[in-house]
Amino acid sequence: MKTFTITVKKTEGFKKFEVPVGLTILDALEYINKTYGENIQFRSSCKAGQCGSCAVMINKKSKLACKTKVEDNMIIEPLEGFDVISDLVVDREPYYKKIGTLRNYIQKKNEKISEKELDGLKLYPDDLKDVKKIRGCIDCLSCIAMCPARKYSNYPGPTLMRQLARFAFDPKDEIDREKEAFDENIYNCTTCGRCVEVCPKEIDIVHNAVEKLREKTFKKGYNLDSHLEVRKNVLSQNRSVPKEKTSFLEEVSDEYIVENEKMRVAFFTGCLVDFRLQEIGKSAIRVLNAHGVSVIIPKNQVCCGSPFIRTGQTDISESLKKQNLEIFNKLNVDSVVTLCAGCGSTLKNDYKEKKFKVMDITEVLVKVGLIDYKPLDITVTYHDPCHLRRGQKVYLEPRKILESIPKLKFIEMEIPDQCCGAGGGVRSGKPEVAEAIGKRKANMIYATDADYLITVCPFCEYHIRDSLTKYLKEHGLKKDIPVMNIISLLDKVI
């Protein structure tokens, strides 16, 4: 009989077991108890992925034990973020109590409704279209176990915010759910997408619950002053950050054409490359040209709108989107290329009317073919930006690039796609939350003892650099780990 080895975390510690190939994790736990005489405690009920009771951590990700097939060397642990009662059983009572405080039922301002008023409450399918998208939750709590904002701040978690959204979107409910959402720290969510990634019912909590609820919350006047400052920036200069020096778009030419062209792209710069990280933008041009890619740079492009979509300010984001669509839809290029994870995710997922293809710069480089790079004898680790890894499903390309540089040693950190804490308006709106989440990321980076931290997102660059600096001082460490954009790295070896 062919077997796999799995490790189960019991109350007294980890223990390894041999189990037959082909079982689910739930089957394997039952097999272990029966075959080895163990008494591992775990929850289960329907065994069909409908009750949500069997969720556990499998290789550091929350999944349903009844729907996950055993693989060799899997590690099974109780859900993170909850007190453990015994073995794989966690205490769910705090969650249920919190749900109770959120008035988890439709409420009317006036319980006594006249027949005339009742007649006016007729609903049609379109009235509940937003509710339908988020009501399939089975309370497995997988999203809560993975949520960085819930772990490191006073944020109730994705599914509780989903519940508030469910009632806020229901015309029958008349309570001020937006005020409840604001009081429950809806702006603590980094929109990292971990909850979406692990949801067994594939509920898009980020886009269909949190961001839509933030839009309603903002319209009711429940907002953060710092988010309004970002709003002022874009209204005055079409960028989300203040201008500090000559912009990238002012410094460069309209186009950089190469002979024997493999591909022609339009460069969407984003706010940080244009106003803060001009040298990375110039590196991008050189790197693309070196790979046989011609670069067109539209000078009248504006902010992609991501900071405003994420924080509920959709009146601003729609205006910005319209301007960019008018510019980029007219271009005769193979693709629009982005150097920012947030910009790329926004263009790919939120620009529904686009007539152009969008690619991250690492996707472009791998597609046209990597070239022979000069050797570079350094050790690096890599951070997956949330809006690249989960927002665009791009994670192999950066690794292919790093592994193609001679003498460069690439090592993975513990959880490379763990959120750094900067996204979703959290760095500007809730800096203390961003700092708390960033501290864990810094710990993972320092544990690798790498010479450099490499990433692809300018926003992540800024925040991780700040997190590492604070971590260095807090722990009295002498070794600094600089943060470098993968394009800056390539500019050194082309």
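Cβ atoms are placed via backbone N, Cα and C, with glycine included.
Residues Cys137, Cys140, Cys143 are recorded by Swiss-Prot as [4Fe-4S] cluster 1 binders, and the candidate that the same record lists for that site, out of Cys66, Cys192, Cys199, is Cys199. The C-beta environment of Cys199 ([4Fe-4S] cluster 1 binding site), restricted to residues of the same chain at least 6 apart in sequence and closer than 8 Å, consists of Ser142, Cys143, Ile205. On its own chain, Cys195 ([4Fe-4S] cluster 2 binding site) has Ser142, Cys143, Met146, Cys147, Pro158, Thr159, Ile205, Val206 as residues at least 6 apart in sequence with a Cβ closer than 8 Å to its own Cβ.
Taking a C-beta cut-off of under 8 Å and a sequence gap of six or more, Cys51 ([2Fe-2S] cluster binding site) has these contacts in its own chain: Ser45, Ile138. Remark: secondary structure over the domain '4Fe-4S ferredoxin-type 1' (127-157) totals 16 helix, 0 strand, 15 coil, with classes taken from DSSP. When DSSP labels each residue, the domain '4Fe-4S ferredoxin-type 2' (178-208) comes out as 18 helix, 0 strand, 13 coil, counted as helix, strand and coil in that order.
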